[in-house]
Amino acid sequence: MDFLLALLTPELIHNGIQLTTPILFGALAAALSSRAGVLNLAIEAKMLVGAFVGLVALDGTGSQLLAVVIAALAGALTGGLMALAHRVGVDLIVFAIGLNMLLLELSIYLMRQFFGGVGVWTPDVATLPSIPLPFLEGVPVLGPLLSGYNALVYLAFALAAAFGLLFRYRPGRHLLAVGEAPGAAAAAGISVERVQTLSLVGSGALAALGGAFLTVGELGLFARNMTDGAGWIAITAALLAVNRPVFLVPASLLFGFSDAFAIRLQSTTDLPQVLVQLIPMAATLLVLGFVGYRGLRAKETLGLPRRARRQLAGALR
């Protein structure tokens, strides 16, 4: 216990919140499209787009704000492409897998063609500055822990809160209706295609913000396979949260802090690096196992409204 308390430092908490940010953006993206009844497995691709386009825009304009906006627009455009594929009846699972592979290879090609290499591109740019929160200055514990992050960190948690409030209003209720019972929603006059298209476009923008955080917000560089599976971890976080806003932040924090804990162990212990790097992977596998077990117990069927799922579960008992 003393060993764990020694590891739990303000620096670890600060790093954990930073590492949570891209996962939270991706989890919000996955949950938004899932709430509209669309399985979105292209979060990784959209995060990669945001990371690459954001850094290119930052290098070209010198404005962090403009770079973030351009990255979000690029992600929204990618989401629009996925919405078009969904509208014409393309299998979105196959499409998403292809998109993930295509955009990874495209980023490598563009680095080779325009930036002279495929390893790491490090332009001379300034990343987003840290923003201290004046009302937390002088607060003994919360001040150092909750203040001093860049704008994208605060934006991620603010959007998580806004996502929870969304379902109190008509657009959120329409989103739920389309996801739970598209036939009934259409009969009530709700445009199912429009809601699903907007959710995929918004999902693309959110995921791209997660990628932009890595390049524009923190590192100021782009490396091959920059996201390194963050999009898939975000999908896992959304599954763990059952796409419910109240659980998205804790689920994302779980993965962010597992990464931070692994980094802390590397610098403070003599454990083999390979063993330490297994910690985030083990957390992901445990969560996936839990989600699968919960789904098996609940006997849920994708695409059916809640009432139909309850009736089916009762029939299967």
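Just so it is clear, glycine is given a Cβ too, placed from its N, Cα and C backbone atoms.
Here's what TrEMBL has on this protein:
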TRANSMEM  12-31  transmembrane segment
TRANSMEM  38-58  transmembrane segment
TRANSMEM  64-85  transmembrane segment
TRANSMEM  92-111  transmembrane segment
TRANSMEM  149-167  transmembrane segment
TRANSMEM  174-192  transmembrane segment
TRANSMEM  198-223  transmembrane segment
TRANSMEM  230-255  transmembrane segment
TRANSMEM  275-296  transmembrane segment
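Counting Cβ pairs under 8 Å that are 6 or more residues apart, the transmembrane segment (92-111) and the transmembrane segment (12-31) reach fewer than 3 and are not in contact. Listed as Cβ neighbours of the transmembrane segment (149-167) (distance under 8 Å, sequence separation of 6 or more from its ends, same chain) are residues 14, 17-18, 20-21, 24-25, 28, 31-32, 68, 127-131, 173, 175-176, 206, 209-210, 212-213, 216-218, 245-246, 248-249. Sequence-remote contacts of a segment are chain residues at least 6 beyond its ends whose Cβ falls under 8 Å from one of its Cβ atoms, and for the transmembrane segment (198-223) they are 18, 21-26, 28-30, 32-33, 35-36, 38, 40, 43, 46-55, 58, 64, 67-68, 71-80, 82-83, 86, 107, 111, 119-123, 125-128, 150-153, 155-156, 159, 175, 230-231, 234.
Among residues of the same chain six or more beyond the transmembrane segment (230-255), those with a C-beta under 8 A of the stretch's C-beta atoms are 16-17, 20, 22-31, 34-35, 40-48, 100, 157, 160-161, 163-164, 166-167, 207, 210, 214, 280, 283-284, 287-288, 290-291.
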